[in-house]
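Novice: Below you'll find the structure I mean.
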Amino acid sequence: MDKIEEIHKYNADNIQILEGLEAVRKRPGMYIGSIGFKGLHHLLWEIVDNSVDEAMAGFATEIKIKLYPNNVIEVEDNGRGMPTGIHSGTKKSAVETILTVLHAGGKFDGSNYKVSGGLHGVGASVVNALSSEFEVWVKRDGKLHYQQFRNGGIPVKPLEVIGNVSEVETGTTIKFHPDYTIMEKENFDFDTIIDHSKQIAYLNKGLKITVENVEKNIIKVFCFEGGLIDYVKELNKGKKLIVPEVIYAEGVFNDKNFTNGQDVIVEVAMQYNEAYTNSIVSYANNIQTIDGGTHEQGFYDALVRIYNNYAETNKLFKTSSEKITREDVKEGLVAIISIKHTDPIFEGQTKGKLENKDARIATNKILSDSLERYLNENPEIARAIIEKCLLSQHTRLLEIKAREASRKGNGLDLGNLPGKLADCSSKNAEIRELFIVEGNSAGGSAKMGRDRSIQAILPLRGKVINAEKNSFASVLSNKEIATMIHALGTGINTEFDINKLKYHKIIIMTDADVDGAHITTLLLTFFYRYMKPLIEYGFVYLAQPPLYKITSGKNVEYAYNDLQKEQIMAKLEDKRNVAIQRYKGLGEMDPEQLWETTMDPETRKMLQVQIDDAAICDTVFATLMGEEIEPRHDFIQENAKYANNIDI
C-alpha cells in the first residue's frame, strides 16, 4: 500500500473526541507536570512525540526542530500531515479539532498508529492551550494548509489553503510561543533540546533529526543507522571492554495467548566493560522508564537463565549449588532496552514504570534466543562474561558478610566514625535537612548557625572515595561514605529503601573553589551510583554560598557571582569606600553570616540536582571520574568554554 493511499485512509473521521479543553489553562500542572523549566520543555516534547509517532508508524523519515529568538520554537516532520477534512462531530476541520479539543487525535484509532508514546492527541491541544501564539502548516493532498491560534487556542480564522505542493509532499509544521502569563519565565535550553533529540535518534534508527538555533546559526544533525548499537558504543566510549562488540537482539513477539494478537517489538543492545558500576536504561515507545518495569524484568530473566544454562552446560560452576543471580549480571554492564507496544500501560502520570505483562515475556523471549546463540558462537567471550558475573557474586557475598559482622559489632563501628553527626530535634523527615559540610571549621560554624530543630550537620573530615573507580567493597570501607550511609538511614545499592530516608533535603555545602567542586563531584558520583533514587526523587541539593561580601559603610550585601557583584557595585553611590571580600571557603564566614547567606530557608539559594537523561549522566560520570585519561581530557577541552568562577 503506497503513501498516497495511506494518507486517504487517515482522514477526519479517524479523529475521536473524548472531552473538552477547559481545564488546561486553569490547572496546567495536571497536564505537563510543572509550569517551570521541565514543563516548558514538556510542551516541545509533546509536539516532537507526535512527529516521532509518525516515524514509528513508517511515514516520517525526518524531523526538524528550530529555536527562534524570544522562545519561539518550531517542529516540522515529513509524515502524512494532519487530516484536513471536516470532522463529523465538531463540524470543524480535523486540524482545528486536534488542536483545540483535549483528547482529540488519531492515536485512539488503532488503525493509524500501532504504537505511540501515549495519547498524544492530548499533547497538541495542551500545547496550544498554553501558548500565546500557535501556528500550524499542513502539506497534504497537494495543498498547503494554514491556521493560526492566539491566547490559549483561540482560532484567528478557520483552516485555509495558502498554496500548492506536490502530491507526494506531505507533513506537519507547528510553531508556537509559550504563554508566559501561565508559564514561568524560563527559556528553552538548546543543549537540553540537543541531548533529548539525540536520544530520540538513537532509539529510532535511521530517523534524521535536525536541531537548529536560528539566532546563533548552530545546526546539529542526528541520524544513527545502528540505533541502539550506536547508543551503547557511545556510553562505553573510553571504557575497557570485556566484550569487544555490542550484543544485539531484535524481534517481534506475537503470541495470541499473551498479546491478544498484537505485536510487541523488542530491541536490546548490551556490552560488558571492566567497571564496577553499570548503566542499564530502558524505554517503552521512546519514553524513558526510569523506574524500570516488566520489560526490564524480562531482560534480567533472560540474562540469568541463559548465563546459568551456559555455565552449567560448560561446567563453569565450581559447585552444583552455585547459581548466578540478577544482582551478579549487572556489574560492568551497559544496556539499552527498548520496546514498542500497541497499548502501553504505565504506572502513574509520569510514565516511569511499564506494567504490561506481555512486555516481560516478549523481552525475555527475544533476548534469550539471540543471547544463547551469541554465547554458543563466541565461547571465549561467554567465559569472560560468566567469570565477570561470578567475581561480582563473590564480592557481593563478602560485602554481605561484612555488613552482618558490622551490625553485630564485630566490624566497623559507625557510631565512632569521624565526622560526627549533629542531628536536629524534629522527627518529621519531610522537614528535616542534612547539611553535608566540607571541613571542620565550616562544620563548626554550621553547627552554631543552624536551626537546630530541622537542620542536622555532618562534617566531612577525611577523603571521600571515588565511587566510579573503586569496587563496592572499597566504597563501603570508606569512613566518610559509611558515615553518610548511617546518617541517611536508607541502606545502599540493592538494600536501598527510600521510605527509610531520615531527611528530605540532603544539602551538599562545600567551598566555592576547585577542591570544593571536587568534593561535590565525588559525593554526587556516590549518590548517582549507589543511591540514585535520592536524586531521582529530588532530595539532593547543592548549597550556593556567596562568592563576595560587599561592604559600603554600614551597608553589607552578598553577591553569588561576578555579574551580581557588578550590579551591586553599579548602584553604589560612593564607590571609593567599598570593601570587597572574596570568600575562598565557608570557614571564612561566622555562624551568623553562614546562616544568613546559605542556610536560612527563607533567603538561601540552592540548586536541586536532577537527572534529565540517565544515559547522558552516566556517560559524564564515567568520563570525568573513571580510569581512562584521554576521554576526560577530551571532555574538558570540549566543555572548558562553559566553565565559570574558576580559581587559578
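Numbers run from 1 along the shown chain.
Just so you know, glycine gets a Cβ as well, placed from its N, Cα and C.
Quick paste from Swiss-Prot:
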BINDING   Glu438, Asp511  Mg(2+) 1 binding site
BINDING   Asp511, Asp513  Mg(2+) 2 binding site
DOMAIN    432-546  domain 'Toprim'
SITE      Lys463  site 'Interaction with DNA'
SITE      Asn466  site 'Interaction with DNA'
Novice: Measuring Cα to Cα, how many Å separate Glu438 (Mg(2+) 1 binding site) from Asn466 (site 'Interaction with DNA')?
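Specialist: That comes out at 16 Å between the alpha carbons.
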Novice: In the domain 'Toprim' (432-546), how many residues does DSSP call helix, how many strand, and how many coil?
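Specialist: Across the domain 'Toprim' (432-546), DSSP assigns the residues as follows: 54 helix, 21 strand, 40 coil.
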Novice: Say we define neighbours as other CB atoms within 10 Å of the CB. Which of the binding-site residues Glu438, Asp511, Asp513 has the fewest?
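Specialist: Among the binding-site residues Glu438, Asp511, Asp513, the sparsest Cβ neighbourhood within 10 Å belongs to Asp513.
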Novice: From the Cα of Lys463 (site 'Interaction with DNA') across to the Cα of Asp511 (Mg(2+) 1 binding site), what is the distance in angstrom?
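Specialist: The Cα atom of Asp511 (Mg(2+) 1 binding site) is 15 Å away from the Cα atom of Lys463 (site 'Interaction with DNA').
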Novice: CB neighbours of Lys463 (site 'Interaction with DNA') within 10 A?
Specialist: 11
Novice: In this predicted model, what is the average pLDDT of the domain 'Toprim' (432-546)?
Specialist: 88
